[in-house]
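Lifted from Swiss-Prot, the feature list:
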ACT_SITE  ASP68  active site, proton acceptor
BINDING   ASP68, GLY69, ASN142, ASP143, ARG153, ASP172, THR183, ALA184, TYR185, SER186, LEU187, SER188, GLN242  NAD(+) binding site
Amino acid sequence: MKKVGVIPNINKDKDLEVTKSVVKWLLEHDSEPYLNEIVASKMGYDEYGKKSTDIYSKSDFIIALGGDGTILNVARLCAPFGTPIFAVNLGHLGFLTEVDMNEVFVSLDKIYKGEYTVEKRMMLEANVVKNDMEIINFRALNDIVITRGAFSRMARINAYVNNNYVDTYLADGVIIATPTGSTAYSLSAGGPIVYPTVEVIIITPICPHTLYSRSIIVSPDDVIRLEISEENQDLMITTDGQQGYKLDYRDIIYIKKSNEYTNLIRVKNTNFFDLLRDKLTER
């Protein structure tokens with residue numbers, strides 16, 4: 001019997017009708033759905049309610065129902081266990097999602113027949129160090145961003161790669177992105193589009209106050225060090241636009257490729273460049 005986690009975005013599936021239809025399909029195919037305890041209770045499936053850790057660590061795969069934001073959240077939770085994600089789009093853009101809702105059951109049939117591949121996506125790891133002590137760490141599938149607050153002045157951030165000085169960014173912030181994240185915030189800030197399965201790290205300043213500052217692409221083996229080099233800077237570090245931490249003067253942020261990957265289930269032979277044109281045109 002397969003154990004399948006089902007993670008809905010309840011803001012996009014408000015009445016949980018989509019989730020119920022997926023759970024029904026799983027039960028009809030001799031599978032045990034693993035649901036968040038609150039969601040399970042709302043649906044009348046208390047017996048399938050599980051602790052969050054059990055959902056991500058014990059499921060054979062996860063069905064994520066939502067948009068790219070849902071996938072980014074699920075990806076960070078799945079990564080320590082390597083649990084594959086089948087991403088179903090209930091949003092409007094869906095760069096990361098594999099299928100729309102009208103394709104979900106045909107696609108699940110394919111998965112159960114073994115007609116799928118698993119695509120590995122590189123992730124980033126960030127560690128914030130204060131007074132020589134690690135304070136907090138993050139993982140991200142898309143990007144790690146240092147940005148100024150709503151009313152603060154221009155940020156001043158010293159950047160190094162493998163202890164080699166790169167630049168002092170006078171900007172609204174700096175984006176450190178994966179190839180997956182190259183079509184997200186980094187793209188809006190003028191960064192390059194990178195094929196998603198290539199492994200590189202992209203450094204993109206946000207609105208730099210200079211004539212020459214451009215994105216830099218470095219090796220996945222490189223370690224990026226960012227230093228908050230001036231007092232009275234209202235700066236935040238955020239990961240995938242979902243987790244955040246306030247930074248202080250002299251804080252140091254180390255960013256490198258994570259040892260963990262996001263594993264995305266693929267049932268379609270989608271051409272990345274077709275997807276790129278379609279999704280960016282939709283915007």
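Yeah, the Cβs are placed from backbone N, Cα and C, and that goes for glycine too.
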| query | For the binding-site residues listed here, ASN142, THR183, GLN242, which shows the highest count of neighbouring CB atoms within 10 A? | reply | ASN142
| message | Tell me the coarse DSSP state (helix, strand, coil) of ASN142 (NAD(+) binding site). | response | coil
| request: Identify, among the recorded positions ASP68, ARG153, TYR185, LEU187, the residue whose Cβ has the fewest other Cβ atoms within 10 Å in this structure. | output: ARG153
